[in-house]
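What TrEMBL records for this protein:
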TRANSMEM  6-29  transmembrane segment
TRANSMEM  41-63  transmembrane segment
TRANSMEM  69-90  transmembrane segment
TRANSMEM  117-133  transmembrane segment
TRANSMEM  139-164  transmembrane segment
TRANSMEM  176-197  transmembrane segment
Amino acid sequence: MHQYLSVALFALTTTVTPGPNILMVLYSGLNHGIRRSIPHYLGICIGLPIMITVVGLFLGPLFMHYPLVHYVLKGTSLLYLVCLAFKIAFSHPHKLRDHAPIGFMQAAMFQWINPKVWMMALGAVATFTHVGGDIHYQILMIGLIFLFVTFPSVGIWLVGSASLKRFLTSTFHLRVFNICMGLLLLVSIAPMAYGFWQEVMPLLPLDFPA
């Protein structure tokens with residue numbers, strides 16, 4: 001029981017703190033409204049625990065044997081998020097309302113290229129599973145706990161976007177908000193990008209002949 005409480009606390013602190021998911025659902029709620037953002041919200045809340053479970057059951061061992069696969073996936077994910085940050089920063093509020101917000105499947109699949117979720121998945125599996133027990137049961141319980149925790153921790157940000165919208169009443173304010181969201185997304189992935197660089201730097205042929 002104590003271990004499950006630890007998992008729940010880990011899940012709460014990692015899902016409620018700002019990252020790509022939180023910033024995007026806040027951005028969607030403000031630009032599209034809460035009702036139109038619900039599929040996005042559900043895609044995060046359901047897709048995230050599924051992704052963590054699949055990573056724990058299948059992909060964790062693969063990355064241990066073939067780390068290059070992990071490096072390529074992480075590098076591609078970071079590059080995509082940088083492009084997404086610029087797209088968010090320079091998006092026009094009125095044009096956004098004419099386009100459909102992110103849907104359920106898009107949000108669920110986004111978890112697979114979200115570096116923060118990868119760190120959460122690998123960290124949770126490495127920290128809260130132990131040798132000698134039923135590893136499959138442990139991972140399924142971790143996924144289930146994340147499922148229950150993610151709904152309120154992400155939902156509070158989506159609901160909060162409605163309160164924020166009352167203060168951002170002009171196009172100028174919304175554009176400033178979008179720029180801030182884009183910049184915050186870049187800031188949120190900066191530590192992951194630095195960690196990625198530290199991991200791959202020893203593998204690069206940096207010794208050039210004189």
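The backbone N, Cα and C atoms fix where each Cβ goes, and this holds for glycine too.
No curator has checked TrEMBL annotations; they are predicted automatically.
With pairs at least 6 apart in sequence, the transmembrane segment (6-29) and the transmembrane segment (139-164) have 3 or more Cβ pairs within the 8 Å limit; the two touch. Counted as Cβ pairs under 8 Å, contacts with the transmembrane segment (176-197) are highest for 69-90 among 6-29, 41-63, 69-90, 117-133. Away from its own ends, the transmembrane segment (117-133) comes close to residues 3, 6-7, 10-11, 14-15, 21, 48, 51-52, 55-56, 60, 63, 73-74, 77, 111, 139, 142, 146, 192 of its chain (Cβ-Cβ under 8 Å, at least six residues beyond either end).
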